[in-house]
Amino acid sequence: MYSHYAYALWAALVLFTLASLRGFLPNTRARAITAGLGWIAFSIHWFMQPEKYIEGMDPFNAILTFAMANFCLLVAFSFMTDYRESFFLLTRVTAIACIFYFPFAEVPVLHDALISLNTHCITDAGRTVFGVRMALDDPYIYLNDHRVRLILGCTAIESMALFTGVILGVKAPLERKAAAFLVSIPVIFVLNILRNIFVITAYGYGWFDGWLGLDSFYVAHNILAKIGSTIALIIIAYAILKILPEVLDMIERLWDDMKSVLL
């Protein structure tokens, strides 16, 4: 599981964390350089991702990860030219998100435990709630002679880590942070279980075989579920913005500061 670019991930996490600790690096320039190097390391991770998604016939995520890689370089450049507080806030949010994501991505026991948890939830909910006769042979799920094995991306850990970073990273009262957490993280987990049940059921029963000349799994997973997930995340993000307007303030300041640095 330990990939050759994992060193860049851990380097980014360490650098982000150091840059977020004012007491460790009291000098603003030193914090900015540290954060900038962290964003460069982070970009290496994202530049490695598009090839994987292209091989998996997932152009949406291939484009998204390539854009993310370039955004990381843009933030790094901004840190090297100016030391705006919004850049440090973005780094703190990213550091928190990374702390919640990287262990599941790079520590085998946590990685396997998260996938196993999702596999069991999908199978149990599919049987008891929807009456779909899925068979579980961990880590595989079987339905009508079709076999599916979840990967880390099927657990929605990326989205949950991102929203956790945003919620914990901004300055706001604890009660509103707790409310934002409740309308996002548990909801994402449940919706993702339902998403996977839909994909596996559609694949097992061949609901969309031949649709647009594609097989049922591709249509269910890469088209319909992708659209549904995007809509759900937009709604959840809107709910968080209503509860935590500080997040919108952070985004607006970041946008204005980046424009002033680059233009």
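The count begins at 1 with the first shown residue.
Using N, Cα and C of the backbone, Cβ positions are placed for all residues, glycine too.
In TrEMBL, annotation is done automatically, which means it is predicted and not curated.
Features as listed in TrEMBL:
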- 6-25: transmembrane segment (TRANSMEM)
- 32-48: transmembrane segment (TRANSMEM)
- 60-80: transmembrane segment (TRANSMEM)
- 87-104: transmembrane segment (TRANSMEM)
- 148-168: transmembrane segment (TRANSMEM)
- Cys154: active site, acyl-thioester intermediate (ACT_SITE)
- 180-203: transmembrane segment (TRANSMEM)
- Arg195: active site, proton donor (ACT_SITE)
- 223-244: transmembrane segment (TRANSMEM)
What is the total of other Cβ atoms whose distance to the Cβ of Arg195 (active site, proton donor) is within 10 Å?
22
Any chance the transmembrane segment (6-25) and the transmembrane segment (223-244) have 3 or more Cβ pairs under 8 A, given the pairs are 6 or more apart in sequence?
no
Using Cα coordinates, what distance in whole Å links the residue listed as 'active site, proton donor' and the residue listed as 'active site, acyl-thioester intermediate'?
9
Interface present between the transmembrane segment (32-48) and the transmembrane segment (87-104) (three or more C-beta pairs under 8 A):
yes
Surrounding residues of the transmembrane segment (32-48) on its own chain - C-beta under 8 Å, 6+ positions past either end:
3, 5, 8-9, 11-16, 18-19, 25, 65-66, 68-70, 72-73, 75-77, 79-80, 83, 87-88, 91, 94
Residues sitting near the transmembrane segment (60-80): Cβ under 8 Å, six or more positions beyond its termini, same chain?
32-33, 35-37, 39-40, 42-43, 46-47, 49-51, 53-54, 87, 90-91, 222, 226, 257-258, 261-262
Within-chain partners of the transmembrane segment (148-168) [C-beta distance under 8 Å, separation at least 6 from its ends]:
93-98, 100-101, 104-105, 111, 114-115, 118-119, 122, 139-142, 177, 180-181, 184-185, 188-189, 191-192, 196, 199-200, 203, 233, 236-237, 240, 244, 247
Near Cys154 (active site, acyl-thioester intermediate), which residues of its chain come within a Cβ-Cβ distance under 8 Å, counting only those 6 or more away in sequence?
Ile115, Asn118, Asn192, Asn196
According to DSSP, does Arg195 (active site, proton donor) sit in a helix, a strand, or coil?
helix
